[in-house]
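Novice: First the structure, which I've put down as structure tokens, then a few questions once you've had a look.
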Amino acid sequence: MKLIKNGKILKNGILKDTEILIDGKRIKQISSKINASSSNIEVIDAKGNLIAPGFVDVHVHLREPGGEHKETIESGTKAAARGGFTTVCPMPNTRPVPDTVEHVRELRQRISETAQVRVLPYAAITKRQAGTELVDFEKLALEGVFAFTDDGVGVQTASMMYAAMKQAAKVKKPIVAHCEDNSLIYGGAMHKGKRSEELGIPGIPNIAESVQIARDVLLAEATGCHYHVCHVSTKESVRVIRDAKKAGIHVTAEVTPHHLLLTENDVPGDDSNYKMNPPLRSNEDREALLEGLLDGTIDCIATDHAPHAKEEKEQPMTKAPFGIVGSETAFPLLYTHFVRRGNWSLQQLVDYFTIKPATIFNLNYGKLHKDSYADLTIIDLNTEKEIKSEDFLSKADNTPFIGEKVYGNPTLTMLKGEVVFEEEK
């Protein structure tokens with residue numbers, strides 16, 4: 001057994017002194033004081049820090065199989081554990097794509113061998129993510145895939161998405177969509193706006209995203225499918241999603257930390273660590289995302305952790321791949337910028353990473369109570385640390401946040417009662 005002493009948990013937004021007794025994989029007792037006298041109890045001192053439920057990230061890229069030079073299941077899940085995440089859902093833009101039962105089983109075998117946290121894999125919507133032929137939804141649903149997505153590309157035709165949603169509704173699985181109309185991206189490498197004009201870099205307009213969301217919410221209404229929108233980035237998208245929810249359509253949405261924190265004006269020049277898809281938008285868009293998150297239009301936060309090799313990101317923005325890493329920095333950045341400055345409560349931020357994503361995807365994680373799995377993270381809210389690439393457990397360090405000083409860093413993460421990350425003393 002393990003006993004976590006000298007910790008604090010959130011109860012209705014208030015920090016309460018708490019001790020947690022863990023028996024095997026599950027929580028046996030949560031109380032302000034636990035009298036457990038046994039020689040076989042391992043005591044973990046939380047040092048007055050927050051004990052939060054293990055975070056749930058419904059959008060990561062682990063790159064394996066096929067992209068191991070960028071990240072592996074092992075390195076990506078070590079990074080997740082360092083960031084406080086105990087459950088991650090990897091996207092299917094791997095080689096091979098998890099578009100058959102055989103490929104999903106091969107992926108699960110790899111996960112069982114090296115993953116440091118719980119990994120719930122997506123299956124693709126279309127074979128090879130090519131957008132021309134649907135996967136076998138029934139067989140893949142029976143195999144227990146998390147949901148269906150072609151993330152990395154948008155499903156380009158309404159007829160294909162309509163057919164996919166009908167199948168997904170039939171097997172009671174969500175469709176998770178990267179929304180991007182290829183006919184409207186114009187080879188862009190950042191947001192189409194004043195900054196892209198100043199830098200002479202082709203831009204992607206807001207409409208490339210919002211047009212596809214508008215199409216898809218109507219298809220979701222027609223099919224009864226649960227439709228989840230990845231990494232919302234524009235004010236128009238927020239408006240469409242808000243209206244869809246008011247109409248009773250089963251739509252949910254996520255936003256990334258970088259779209260909440262940065263805008264096109266933060267792009268210093270031709271620096272590919274600021275290249276992600278969707279791109280950093282205008283400040284008006286960022287404010288709409290913050291409003292949408294707080295009013296419930298956007299349901300949760302997901303990192304879109306997208307590692308790339310250093311030589312890939314050293315290329316100009318027009319040639320470098322899209323994406324930045326985020327697993328190890330997400331909570332500290334948002335805690336520092338929004339909670340410490342009084343814009344959000346600590347309870348709100350923790351919920352965006354735990355109970356909110358778990359609830360919308362019907363996962364029995366993201367909360368701490370008697371008999372639940374002992375998935376948790378201990379977080380130091382008071383010590384400032386600098387984000388340094390040499391501290392990353394990910395194979396990649398492609399992020400614009402290197403050098404930022406942040407609070408709210410996890411010091412220990414536990415999955416099913418086993419420590420999967422502990423800060424070096």
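Cβ coordinates are placed from backbone N, Cα and C, and glycine is handled just like the others.
The Zn(2+) 1 binding site feature in Swiss-Prot is assigned to His59, His61, Asp151, Asp304; the stated evidence is sequence analysis. Under the heading substrate binding site, Swiss-Prot lists His61, Leu62, Arg63, Asn93, Asn277, His308, Phe322, Gly323. Marked as Zn(2+) 2 binding site by Swiss-Prot: Asp151, His178, His231. Positions annotated as active site by Swiss-Prot, on the basis of sequence analysis: Asp304.
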Novice: Identify all same-chain residues not among His59, His61, Asp151, Asp304 whose C-beta atom falls within 8 angstroms of the centroid of the Zn(2+) 1 site's C-beta atoms; report them in sequence order.
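Specialist: Neighbours within 8 Å of the Cβ centroid, excluding His59, His61, Asp151, Asp304: Val60, Met91, Gly152, His178, Cys230, His231, Ala302, Thr303, His305, Ala306.
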Novice: Please identify, from the binding-site residues His59, His61, His231, the residue with the sparsest Cβ neighbourhood, meaning fewest other Cβ atoms within 10 angstroms.
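Specialist: Among the binding-site residues His59, His61, His231, the sparsest Cβ neighbourhood within 10 Å belongs to His231.
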Novice: Roughly how many Å lie between the Cα atoms of Asp304 (Zn(2+) 1 binding site) and His231 (Zn(2+) 2 binding site), rounded to a whole value?
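Specialist: Given the Cα positions, Asp304 (Zn(2+) 1 binding site) is 7 Å from His231 (Zn(2+) 2 binding site).
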Novice: Can you give me the same-chain residues 6 or more apart in sequence from Asn277 (substrate binding site) with a CB-CB distance under 8 Å?
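Specialist: When sequence neighbours closer than 6 are ignored, Asn277 (substrate binding site) has Glu180, Ile204, Phe322, Gly323 within Cβ distance under 8 Å.
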Novice: If I restrict to non-local contacts, at least six residues apart, and a C-beta distance under 8 angstroms, what lies near Arg63 (substrate binding site) in its own chain?
Specialist: Lys70, Glu71, Thr72, Gly76, Thr94, Pro307
Novice: Can you tell me which binding-site residues out of His61, Leu62, Asn93, Asp151, His308 are within 10 A of His178 (Zn(2+) 2 binding site) by Cα, answering none if there aren't any?
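Specialist: Those near His178 (Zn(2+) 2 binding site) - Cα within 10 Å - are Asp151, in sequence order.
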Novice: By a simple count, how many Cβ atoms lie within 10 Å of the Cβ of Leu62 (substrate binding site), its own Cβ left out?
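Specialist: I count 31 other Cβ atoms within 10 Å of it.
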Novice: Quick one, of the binding-site residues His178, Phe322, Gly323, which Cβ has the fewest other Cβ within 10 Å?
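Specialist: Phe322, out of the binding-site residues His178, Phe322, Gly323, has the fewest neighbouring Cβ atoms within 10 Å.
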Novice: Name them in sequence order: residues not among Asp151, His178, His231 whose Cβ is within 8 Å of the mean position of the Cβ atoms defining the Zn(2+) 2 site.
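Specialist: Along the chain, the qualifying residues are His59, Met91, Thr149, Gly152, Val176, Ala177, Cys179, Cys230, Asn277, Asp304.
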Novice: By Cβ count within 10 Å, point out the most packed of the binding-site residues listed: Asp151, Asp304.
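Specialist: Compared across Asp151, Asp304, the most Cβ atoms within 10 Å surround Asp304.
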Novice: Specify the count of other C-beta atoms within 10 Å of the C-beta of Asn93 (substrate binding site).
Specialist: 21
Novice: Relative to the Cβ of His308 (substrate binding site), which residues of the same chain, six or more apart in sequence, are found under 8 Å away?
Specialist: Lys70, Ala320, Pro321, Gly323, Ala396, Asn398
Novice: How big is the Cα-to-Cα gap, in Å, between His59 (Zn(2+) 1 binding site) and Asn93 (substrate binding site)?
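Specialist: Just about 12 Å between their Cα atoms.
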